[in-house]
Amino acid sequence: MLMENLEYDVLLEKFKKILREGGLKYTKQREVLLKTLYHSDTHYTPESLYMEIKQAEPDSNVGIATVYRTLNLLEEAEMVTSLSLDSAGKKYELSNKPHHDHMICKVCGKIIEFENPIIERQQSLIANEHHFKLTGHLMQLYGICSDCNHKTKVKI
């Protein structure tokens with residue numbers, strides 16, 4: 001289910017429903033986590049999300065285990081998407097944006113989001129060519145960003 005541009009209250013109701021269906025309680029700590037994701041364009045590791053919450057809302061009493069459990073639940077419910085970053089683990093973002101792909105710098109970890117209608121069309125053509133019903137995809141391109149390229153003099 002794609003949740004493009006949902007208003008926060010609609011997103012929160014969906015979140016509460018998913019928690020109920022998963023046999024979990026709605027808590028203020030979980031809402032703080034959802035609100036933090038909603039109001040940010042950052043791709044978070046569980047640890048960086050935890051630190052962001054602790055810094056922004058020190059009285060929220062959110063534990064790292066709650067962050068991990070809630071992110072897993074949100075990912076299963078397709079409310080967040082994750083990017084696999086090899087040994088660095090996963091980074092998460094809320095799924096309420098229009099579809100986009102990612103370029104990930106292998107040096108600094110910078111993530112650049114992009115949209116390209118030609119790539120999207122080509123993927124559909126390839127799927128049709130193989131009689132494959134495309135329901136979604138996640139594209140991650142790895143390389144070296146321009147900042148790191150200038151610093152290390154690596155040729156792209």
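Using N, Cα and C of the backbone, Cβ positions are placed for all residues, glycine too.
As written in Swiss-Prot, here are the features:
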BINDING   His43, Glu93, His102, Cys105, Cys108, Glu113  Zn(2+) binding site
BINDING   His99, Asp101, Glu120, His137  Fe cation binding site
REGION    1-96  region 'DNA-binding'
REGION    97-156  region 'Dimerization'
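On the structure: features taken from Swiss-Prot.
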residue : record                 : Cβ neighbours (10 Å)
His43   : Zn(2+) binding site    : 21
Glu93   : Zn(2+) binding site    : 20
His99   : Fe cation binding site : 14
Asp101  : Fe cation binding site : 16
His102  : Zn(2+) binding site    : 18
Cys105  : Zn(2+) binding site    : 17
Cys108  : Zn(2+) binding site    : 12
Glu113  : Zn(2+) binding site    : 12
Glu120  : Fe cation binding site : 15
His137  : Fe cation binding site : 12
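In the three-state DSSP assignment, the secondary structure recorded for Asp101 (Fe cation binding site) is strand. Cys108 (Zn(2+) binding site) and His137 (Fe cation binding site) have their C-alpha atoms 25 Å apart, to the nearest angstrom. Counting residue by residue with DSSP, the region 'DNA-binding' (1-96) contains 55 helix, 11 strand, 30 coil. Separation of the C-alpha atoms of Asp101 (Fe cation binding site) and His43 (Zn(2+) binding site): 13 Å, rounded to the nearest whole number.
For the region 'DNA-binding' (1-96), the model's pLDDT averages out at 88. In the three-state DSSP classification, Cys108 (Zn(2+) binding site) falls within coil.
Taking the Cα atom of each, His99 (Fe cation binding site) and Glu93 (Zn(2+) binding site) are about 12 angstrom apart. Comparing Glu113 (Zn(2+) binding site) with His137 (Fe cation binding site), their Cα atoms are 14 Å apart once rounded. Annotated Fe cation site His99, Asp101, Glu120, His137; additional same-chain residues within 8 Å of its Cβ mean position, judged by their own Cβ, are His100, Glu115, Ile119, Gln123, Leu138, Met139. A straight line from the CA of Glu93 (Zn(2+) binding site) to the CA of Glu120 (Fe cation binding site) spans 21 Å. A Cα-Cα distance of 13 Å separates His102 (Zn(2+) binding site) from Glu120 (Fe cation binding site).
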